[in-house]
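Below you'll find the structure, written out as C-alpha cells, and then a few comments.
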Amino acid sequence: MAEELLIFSHGKLTGHLTSSLLAVAFLSSFGSSMLYGYNLAVVNSPAEYIKDFYNRSVVNRNGSGLSEESLTLMYSLTVSVFAIGGLLGSLLVGVLVTKFGRKGTLVKSTTLVFISGALMGFSRICGSPEMVIIGRFITGIHSGISLSVVPMYLGEIAPKNLRGFLGLMPSIFICVGVFMAQVLGLHELLGKEEHWPLFLSLVVAPTFIQLLLLPWFPESPRYLLIEKHNVHATITALKWYRAKCNIQAEIEEMQEEQRSLSTVNTVSVWHLILDTSVRWQVVSIVVINIGMQLSGIDAIWFYTNAIFENAGIPRPQIQYTTVGTGAIEVIAGLIGCFTIERLGRRPLMIGGFSFMGICCAGITISLVLQTYLSFMRYVSVACVVGIIAGFCIGPAGVPFLMTAELFKQSHRPAAYIVGGSLNWISNFTVGFVFPFLQMSAGAFCYLIFCGICLSVAGYVYFIIPETKNKTFMEISQMFSSKEPVIQPLVQSSPDQLKLKKMNSYGALENGFLEFDSSMSFP
C-alpha cells in the first residue's frame, strides 16, 4: 500500500504553501516563539511596581525593607534569570527532540508555561517574590527550548522553496511578542500597579491555544522517516503538508540523506565539534549566533528610552514612541519574511548586519555631536530605528533558519544546542557588560558593535554559500571536500558501475550511482 501511495508524476522538489503548513507555522510560532519576545519586554513597564512589591514583601516578613542596592540586585536577578533558564532550555533540546520529536517537544513543553504563569500570577496574593523569580526562570527554559525547536520543526516540514518563508515566521512572532508587551504595558491597559501579575502571566493564553490545536497536526516527516523508520507515517505527514507535489521524489531525497549518514543516531555536541566534515558549518553557526547578540541590539533596547529623552521627546510620550519602534520591528520582520525566497539568505544577512554597523557608527557620531548640533538628537533616534529595522529584517531570524539548513538530520539537534547556548550566553553577557562598557567608553562603545556587525557581514559574504532552494544534501555537499574519495573506475564493460566522488559524509556526490545506458534490468 505504501508503494502505491508513492506513484506520482516526476517533477522537481518544490511545493505550494498549503493551509496545513501555514497553520502549523502560525500555531508553533504564536504559542512558543511569541512568548520569547513577550518575556523580553514584559518586565520593563511594571518595573517600579515589581520593586515595590518586593520591598513590601520583605517588610512584612522582616519588619524592615531592602536597601536600594539589594532591591536593584533582586530586580536584576528577576530580569537576568530568564536568560539563565533559556540557556538551560537550549541544552535540553537535543535530548528532547530525539525522544519526543519536534512537534512532541513543543506540545510537552507547554507544561512549563502553565507552571510559570501560575507562579507569577499568584505571587502577589501569596506575598512571594521568589514565585516571580522562579516563574521567570521556568518560562526562560521554555523559551530556550522553543527558540531552537520551532525553526527546526518548520525547516523540516517545509518544501525547500518555502523553507525561508516559514523559517522566518518565528522571528516575526518574536517581534510581535515584543510589540504586544509594549502595547499592553501602556498605562491605559495593563500598565497599572494592580495589573502587573496578570501582565506577567498572560503568556498562558497563546500557549493554551497551541496546546488545543497543534497535537492534531503530524510530526516532522524527516524525523519519522530518518530517525523512526516509519514510512507509512512519513507518507501520511507529507500528504497532509503537501498539495500537488511529488511525494515520491521528496521521500527519495530523504532516503538519500538517510543513506549518506554513517549512523542515524543523533550525534552529541562533543562529536559535532570533533567532526571535521562539518567544521565550517559549526564555525558558521558560532559566528552568526554570537554576532546576532553581540551586534548591539540588546544594548539598543536597553538605551532606547535615554536616547529618546535626549532627543527632546517628553517623558510621558516616550512609552508611545517605544511602541512605535515595536511596530517598526514587526514591519521589518514581515519584509524579511516575504522577500527571503526572492533575495536569498545571504543578502538579508549581509545587508542587515552592514546596515546595523553603519547605524551603530551613526549613533556614536550623533551622541558626540549633539551637544554642538541640536539636530543630531534626531539623527540618533533615526539610527536607533535603523538598527532595529536592520536586525529584524534578517539577523533576527535567518541564523536559526541557517542552523537547520547547514546540517543533516543526525547533526541538527547538536547544532541547535551549540547555536542556542551561544545565543543565550551572548545575550546575558551583553546585558551584564554593557552598563560598564557604557560608563568606560561612553558613546564610543557603539563602535565595538559596529566592528562586530561589519565583521559578521564579511564572514557571511566570503564563507557562507547561498542555501535558497537547496536540499539538505545539496547544502552539505557545498560545504564538503571536493577531493575524490574513490577514483572513477574506467571500464568499458556495460555491467560496471561508474562510481562518482563522495562527499565528506560518505555519500555519492549526486546521490545516485551512474549506470551505463546499455544496461538491462529484469
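Every residue gets a Cβ built from N, Cα and C, even glycine.
Automated prediction, rather than curation, is the source of TrEMBL annotations.
Copied over from TrEMBL, here are the features:
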type     : residues : note
DOMAIN   : 25-468   : domain 'Major facilitator superfamily (MFS) profile'
TRANSMEM : 21-38    : transmembrane segment
TRANSMEM : 73-98    : transmembrane segment
TRANSMEM : 105-125  : transmembrane segment
TRANSMEM : 131-153  : transmembrane segment
TRANSMEM : 165-184  : transmembrane segment
TRANSMEM : 196-217  : transmembrane segment
TRANSMEM : 282-303  : transmembrane segment
TRANSMEM : 318-340  : transmembrane segment
TRANSMEM : 352-373  : transmembrane segment
TRANSMEM : 379-402  : transmembrane segment
TRANSMEM : 414-437  : transmembrane segment
TRANSMEM : 443-464  : transmembrane segment
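Most Cβ pairs within less than 8 Å of the transmembrane segment (131-153), among stretches 105-125, 165-184, 196-217, 318-340, 414-437, belong to 105-125. Recorded stretches compared: 21-38, 165-184, 196-217, 318-340, 379-402; the one with the most Cβ pairs under 8 Å to the transmembrane segment (352-373) is 379-402. If you look at the transmembrane segment (21-38), the same-chain residues 6 or more away from its ends with a CB under 8 A from one of its CBs are 103, 106, 109-110, 113, 139, 142-143, 146-147, 149-150, 153-154, 157-158, 162, 166, 169-181, 202-203, 206-207, 209-211, 213-214, 217, 241. Contact count against the transmembrane segment (318-340) (Cβ pairs under 8 Å) is highest for 165-184, out of 73-98, 105-125, 165-184, 196-217, 379-402. Touching of the transmembrane segment (379-402) and the transmembrane segment (73-98) is ruled out by the presence of fewer than three CB pairs under 8 A, sequence neighbours closer than 6 excluded. Beyond the ends of the transmembrane segment (105-125), by six or more residues, the same chain brings 28, 31-32, 35, 53, 93, 96-97, 131-132, 134-139, 141-142, 145-146, 149-150, 153, 196-198, 200-204, 207-208, 210-211, 214-215 to within a C-beta distance below 8 angstroms of the stretch.
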